[in-house]
Amino acid sequence: MKNILHIISSPKGEHGHSVKLARAIIKQLCNQHKECKIAERDLLAAELPYLDGLHISALFKNEAERSDDENQKLSYSDAVLREIKAADIIVLGAPMYNFGIHAALKAYIDQIVRFGHTIAYQRDGSRIGLLKDKVVYLAITAGGNYTNSGFDPVNDYIVNYLQTILNYMGIETIIPLIIEGTAAPDFMVDYDQICNDIQSATAVS
Ligand SMILES: Cc1cc2nc3c(=O)[nH]c(=O)nc-3n(C[C@H](O)[C@H](O)[C@H](O)COP(=O)(O)O)c2cc1C
(Lines of atoms letter the chains of each structure in order from A and count residues from 1; the text may use other names and numbers.)
(Lines give C-alpha, C1' and ligand atoms only; values in the text may rest on other atoms or scores of the structure.)
Protein backbone atom coordinates (compact mmCIF):
# COMPACT_ATOMS: atom_id res chain seq x y z
CA MET A 1 0.00 0.00 0.00
CA LYS A 2 1.39 3.40 -1.02
CA ASN A 3 0.34 6.71 0.42
CA ILE A 4 0.48 9.31 -2.33
CA LEU A 5 0.33 13.03 -1.58
CA HIS A 6 -0.64 15.30 -4.48
CA ILE A 7 0.39 18.91 -3.88
CA ILE A 8 -1.30 21.44 -6.15
CA SER A 9 0.18 24.89 -6.72
CA SER A 10 -1.65 25.96 -9.85
CA PRO A 11 -4.14 28.80 -9.47
CA LYS A 12 -6.07 27.28 -12.38
CA GLY A 13 -7.47 24.35 -10.40
CA GLU A 14 -8.58 21.41 -12.53
CA HIS A 15 -7.64 23.37 -15.70
CA GLY A 16 -4.02 23.62 -14.62
CA HIS A 17 -1.68 21.65 -16.86
CA SER A 18 0.43 20.74 -13.81
CA VAL A 19 -2.70 19.34 -12.13
CA LYS A 20 -3.53 17.24 -15.20
CA LEU A 21 0.08 16.05 -15.48
CA ALA A 22 0.15 15.17 -11.76
CA ARG A 23 -3.12 13.23 -12.10
CA ALA A 24 -1.64 11.26 -15.03
CA ILE A 25 1.46 10.49 -12.93
CA ILE A 26 -0.76 9.29 -10.07
CA LYS A 27 -2.76 7.12 -12.48
CA GLN A 28 0.46 5.43 -13.63
CA LEU A 29 1.68 4.99 -10.06
CA CYS A 30 -1.62 3.40 -9.04
CA ASN A 31 -1.32 0.99 -11.98
CA GLN A 32 2.08 -0.05 -10.63
CA HIS A 33 1.22 -0.39 -6.96
CA LYS A 34 -1.50 -2.75 -5.80
CA GLU A 35 -3.09 -0.31 -3.42
CA CYS A 36 -2.82 3.46 -3.34
CA LYS A 37 -4.29 5.95 -0.93
CA ILE A 38 -4.30 9.47 -2.35
CA ALA A 39 -4.32 12.67 -0.31
CA GLU A 40 -4.53 16.08 -1.92
CA ARG A 41 -3.24 19.43 -0.67
CA ASP A 42 -4.39 22.33 -2.83
CA LEU A 43 -2.21 25.28 -1.84
CA LEU A 44 -4.54 27.73 -3.56
CA ALA A 45 -7.68 26.51 -1.78
CA ALA A 46 -7.08 28.72 1.26
CA GLU A 47 -4.73 31.51 2.21
CA LEU A 48 -1.42 30.18 3.46
CA PRO A 49 0.43 31.59 6.46
CA TYR A 50 3.73 33.34 5.75
CA LEU A 51 6.82 33.34 7.91
CA ASP A 52 6.43 36.35 10.18
CA GLY A 53 7.98 37.41 13.50
CA LEU A 54 5.58 35.41 15.67
CA HIS A 55 6.08 32.30 13.56
CA ILE A 56 9.86 32.56 13.73
CA SER A 57 9.87 33.11 17.52
CA ALA A 58 7.60 30.04 17.86
CA LEU A 59 10.05 27.93 15.86
CA PHE A 60 12.78 28.51 18.45
CA LYS A 61 10.72 27.35 21.43
CA ASN A 62 9.41 23.95 22.41
CA GLU A 63 5.67 23.44 22.62
CA ALA A 64 5.43 23.98 26.39
CA GLU A 65 7.29 27.31 26.18
CA ARG A 66 5.13 28.71 23.37
CA SER A 67 2.26 31.09 23.93
CA ASP A 68 -1.19 30.10 22.66
CA ASP A 69 -0.69 32.51 19.76
CA GLU A 70 2.63 30.90 18.90
CA ASN A 71 1.14 27.39 19.00
CA GLN A 72 -1.75 28.59 16.87
CA LYS A 73 0.74 30.13 14.44
CA LEU A 74 2.34 26.71 13.90
CA SER A 75 -0.92 24.80 13.49
CA TYR A 76 -0.86 24.89 9.67
CA SER A 77 2.77 23.76 9.69
CA ASP A 78 1.89 20.93 12.11
CA ALA A 79 -0.94 19.76 9.82
CA VAL A 80 1.07 19.79 6.58
CA LEU A 81 4.01 18.11 8.31
CA ARG A 82 1.77 15.25 9.47
CA GLU A 83 0.56 14.88 5.90
CA ILE A 84 3.97 14.89 4.23
CA LYS A 85 5.48 12.51 6.81
CA ALA A 86 2.67 10.02 6.11
CA ALA A 87 3.34 10.04 2.35
CA ASP A 88 5.47 7.40 0.60
CA ILE A 89 5.25 9.21 -2.73
CA ILE A 90 4.77 12.92 -3.29
CA VAL A 91 3.54 14.27 -6.62
CA LEU A 92 4.40 17.93 -6.51
CA GLY A 93 2.79 20.21 -9.07
CA ALA A 94 5.13 23.09 -9.85
CA PRO A 95 3.92 25.39 -12.62
CA MET A 96 6.15 28.28 -13.66
CA TYR A 97 4.98 31.75 -12.72
CA ASN A 98 7.33 34.66 -13.40
CA PHE A 99 10.29 32.35 -13.95
CA GLY A 100 9.93 30.54 -10.64
CA ILE A 101 7.55 28.50 -8.56
CA HIS A 102 4.19 29.97 -7.52
CA ALA A 103 4.31 32.00 -4.27
CA ALA A 104 1.91 29.53 -2.62
CA LEU A 105 4.40 26.72 -3.11
CA LYS A 106 7.21 28.82 -1.61
CA ALA A 107 4.96 29.63 1.38
CA TYR A 108 4.20 25.90 1.78
CA ILE A 109 7.90 25.02 1.67
CA ASP A 110 8.51 27.60 4.41
CA GLN A 111 6.00 25.66 6.55
CA ILE A 112 7.51 22.21 6.04
CA VAL A 113 11.20 23.02 6.44
CA ARG A 114 11.34 22.77 10.21
CA PHE A 115 13.97 21.68 12.69
CA GLY A 116 13.05 18.55 14.62
CA HIS A 117 10.55 17.57 11.94
CA THR A 118 12.20 17.58 8.53
CA ILE A 119 15.76 18.57 9.46
CA ALA A 120 17.87 17.98 12.54
CA TYR A 121 21.37 18.29 13.91
CA GLN A 122 23.26 15.17 14.94
CA ARG A 123 25.53 14.84 17.98
CA ASP A 124 28.59 15.65 15.89
CA GLY A 125 26.98 18.90 14.74
CA SER A 126 26.25 17.74 11.22
CA ARG A 127 22.81 18.37 9.76
CA ILE A 128 20.55 15.67 8.37
CA GLY A 129 17.26 15.60 6.52
CA LEU A 130 14.57 13.52 8.22
CA LEU A 131 12.23 12.81 5.29
CA LYS A 132 13.81 9.50 4.35
CA ASP A 133 12.62 6.87 1.89
CA LYS A 134 10.26 9.12 -0.02
CA VAL A 135 10.04 9.59 -3.76
CA VAL A 136 9.01 12.89 -5.28
CA TYR A 137 7.65 13.31 -8.81
CA LEU A 138 7.72 16.91 -9.99
CA ALA A 139 4.92 17.85 -12.39
CA ILE A 140 6.40 20.98 -13.95
CA THR A 141 4.67 23.12 -16.57
CA ALA A 142 5.73 26.31 -18.33
CA GLY A 143 4.05 28.49 -20.91
CA GLY A 144 7.30 29.10 -22.78
CA ASN A 145 9.29 26.58 -24.74
CA TYR A 146 12.93 26.99 -23.81
CA THR A 147 14.36 23.95 -25.56
CA ASN A 148 17.38 24.98 -27.66
CA SER A 149 16.96 28.63 -26.63
CA GLY A 150 20.14 28.78 -24.54
CA PHE A 151 18.00 29.86 -21.55
CA ASP A 152 16.69 27.18 -19.21
CA PRO A 153 14.60 28.69 -16.40
CA VAL A 154 12.71 25.42 -15.85
CA ASN A 155 15.83 23.57 -14.77
CA ASP A 156 17.73 26.58 -13.41
CA TYR A 157 14.98 28.07 -11.24
CA ILE A 158 12.47 25.28 -10.61
CA VAL A 159 14.16 21.86 -10.79
CA ASN A 160 17.38 23.08 -9.13
CA TYR A 161 15.57 24.91 -6.35
CA LEU A 162 13.14 22.06 -5.59
CA GLN A 163 15.93 19.51 -5.72
CA THR A 164 18.00 21.60 -3.27
CA ILE A 165 15.22 22.07 -0.74
CA LEU A 166 13.96 18.46 -1.00
CA ASN A 167 17.53 17.11 -0.59
CA TYR A 168 17.89 19.42 2.45
CA MET A 169 14.92 17.63 4.04
CA GLY A 170 16.39 14.20 3.25
CA ILE A 171 14.51 13.37 0.04
CA GLU A 172 16.93 11.93 -2.46
CA THR A 173 14.80 10.46 -5.22
CA ILE A 174 13.35 13.29 -7.26
CA ILE A 175 11.92 12.65 -10.71
CA PRO A 176 10.98 15.68 -12.82
CA LEU A 177 8.38 15.41 -15.58
CA ILE A 178 8.24 18.61 -17.59
CA ILE A 179 5.78 20.06 -20.10
CA GLU A 180 6.84 23.28 -21.82
CA GLY A 181 5.01 25.48 -24.32
CA THR A 182 1.53 25.42 -22.75
CA ALA A 183 1.01 29.05 -23.83
CA ALA A 184 1.25 28.22 -27.55
CA PRO A 185 -2.13 28.69 -29.30
CA ASP A 186 -1.96 25.21 -30.83
CA PHE A 187 -0.71 23.54 -27.63
CA MET A 188 -1.85 19.94 -27.27
CA VAL A 189 -0.49 17.26 -25.01
CA ASP A 190 -1.21 13.68 -24.09
CA TYR A 191 -0.50 13.67 -20.36
CA ASP A 192 -0.78 9.89 -20.15
CA GLN A 193 1.77 9.50 -22.94
CA ILE A 194 4.27 11.67 -21.03
CA CYS A 195 3.88 9.44 -17.98
CA ASN A 196 3.74 6.15 -19.87
CA ASP A 197 7.23 5.18 -19.02
CA ILE A 198 7.37 6.62 -15.56
CA GLN A 199 9.50 3.78 -14.27
CA SER A 200 12.33 4.67 -16.61
CA ALA A 201 12.06 8.45 -15.97
CA THR A 202 15.39 9.68 -14.67
CA ALA A 203 15.87 11.00 -11.18
CA VAL A 204 17.92 14.18 -10.76
CA SER A 205 20.93 13.92 -8.51
C1 LIG B 1 1.06 35.65 -14.28
C2 LIG B 1 1.68 34.59 -15.13
C3 LIG B 1 3.06 34.47 -15.16
C4 LIG B 1 3.65 33.49 -15.97
N5 LIG B 1 5.01 33.43 -16.04
C6 LIG B 1 5.59 32.55 -16.87
C7 LIG B 1 7.01 32.52 -17.02
O8 LIG B 1 7.75 33.25 -16.38
N9 LIG B 1 7.54 31.62 -17.89
C10 LIG B 1 6.76 30.77 -18.61
O11 LIG B 1 7.31 29.98 -19.38
N12 LIG B 1 5.43 30.77 -18.49
C13 LIG B 1 4.83 31.64 -17.63
N14 LIG B 1 3.47 31.64 -17.50
C15 LIG B 1 2.67 30.60 -18.17
C16 LIG B 1 2.45 29.40 -17.26
O17 LIG B 1 3.68 28.80 -16.94
C18 LIG B 1 1.57 28.39 -17.96
O19 LIG B 1 0.26 28.93 -18.05
C20 LIG B 1 1.54 27.04 -17.26
O21 LIG B 1 0.67 26.19 -17.97
C22 LIG B 1 1.10 27.18 -15.83
O23 LIG B 1 0.90 25.91 -15.26
P24 LIG B 1 -0.58 25.49 -14.79
O25 LIG B 1 -1.38 25.41 -16.07
O26 LIG B 1 -0.40 24.19 -14.12
O27 LIG B 1 -1.07 26.56 -13.86
C28 LIG B 1 2.85 32.60 -16.70
C29 LIG B 1 1.46 32.70 -16.63
C30 LIG B 1 0.88 33.69 -15.87
C31 LIG B 1 -0.64 33.79 -15.82
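Glycine is treated like the rest: Cβ placed from N, Cα and C.
According to TrEMBL, the feature FMN binding site maps to S10, M96, Y97, N98, F99, T141, A142, G143, G144. A142 (FMN binding site) has a Cβ environment of 22 other Cβ atoms inside 10 Å.
Annotated domain 'Flavodoxin-like fold' per TrEMBL: 2-186, in sequence order.
Sequence-distant neighbours of S10 (FMN binding site) (same chain, six or more apart, CB under 8 Å from its CB) are G16, H17, S18, V19, L44, G93, P95, H102, T141, listed in sequence order. Site extent for FMN: the farthest pair of Cα atoms among S10, M96, Y97, N98, F99, T141, A142, G143, G144 sits 16 Å apart.
Under the DSSP three-state reduction, G144 (FMN binding site) is assigned to coil, being neither helix nor strand.
Fewest Cβ neighbours within 10 Å among the binding-site residues Y97, F99: that distinction goes to F99.
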